[in-house]
């Protein structure tokens, strides 16, 4: 698989590409599948439809990897927090974590309840071409914890950060509990058939450097170390969004580092490029305009050259991006990097 070879810095015939949120609302096929499911959460839980949605971008765009269609919040959901998705607002937990007692009341072994995810993986792997990789994923302990404490997305993360500074032992108990679940969750994804795993630390930038390293990065290192110990042949990709200023403190046992669009690739390459393959980082809104898209691709390829790079966006696809431009991006990257 070209994608897996690239994760391990092996020679590839061209630079592989996939896109975060490549299965999404910009595809009419996705809209139809979601309509059939009835809701976003039901789509995640319906393995047949989730498989359909996982495969769509590979078939339509020609990307080199599929990423499992699911949501990071299925883990806290199965740990006992009731979850709803409110239209135009996003996820909302009906109960939140407020103290040690509420951390202790969370169910252990939630990963055993996620058979709908593992079924989606095995179905997708059966239908996916042998040349294409399937990526599994989860959210980072810190990012999941913010949703569980705030109850929803947040601009300030005030409740989470208040807990971090005033009751760090409570937050650490939650992060530890989540880490143990996530190690087993990703292990079962691997056993079900994914070829690589990715951990999204979407709210990494909410923390100052020292707090980030202690309350997020340390847990990412713990998870990736255990996964590499168990499955050395499976690439681990970490994507901590918005920590470009902290790159000099990044270390650990993983293979690929996801660079967001706010971090110049030349900076990431200088600091991390010898240790890790880099993944990213086209500004997603460049896909609105072909000229802007071409300019962005040129800039990235000039910095990254032929090895140590997987092409991706620096964040997720937006719902109204023109699909023809997404397809063009894949063709352009393949053509420009063919060696």
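Positions of Cβ are set from backbone N, Cα and C atoms, glycine also.
Per Swiss-Prot, the features are as follows:
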- 21, 22, 23, 24, 25, 71, 147, 202, 315: substrate binding site (BINDING)
- 71: site 'Transition state stabilizer' (SITE)
All-chain count of other Cβ atoms within 10 Å of residue 315 (substrate binding site): 23
Cα distance (Å, whole number) from residue 71 (site 'Transition state stabilizer') to residue 23 (substrate binding site): 12
Residue 25 (substrate binding site) and residue 71 (site 'Transition state stabilizer'), Cα-Cα, nearest whole angstrom: 15
Long-range Cβ environment of residue 25 (substrate binding site), under 8 Å and at least 6 residues apart: 31, 319, 320
Local Cβ density at residue 23 (substrate binding site) - other Cβ atoms counted within 10 Å: 25
Surrounding CB atoms that lie within 10 Å of the CB of residue 71 (site 'Transition state stabilizer'), all protein chains: 18
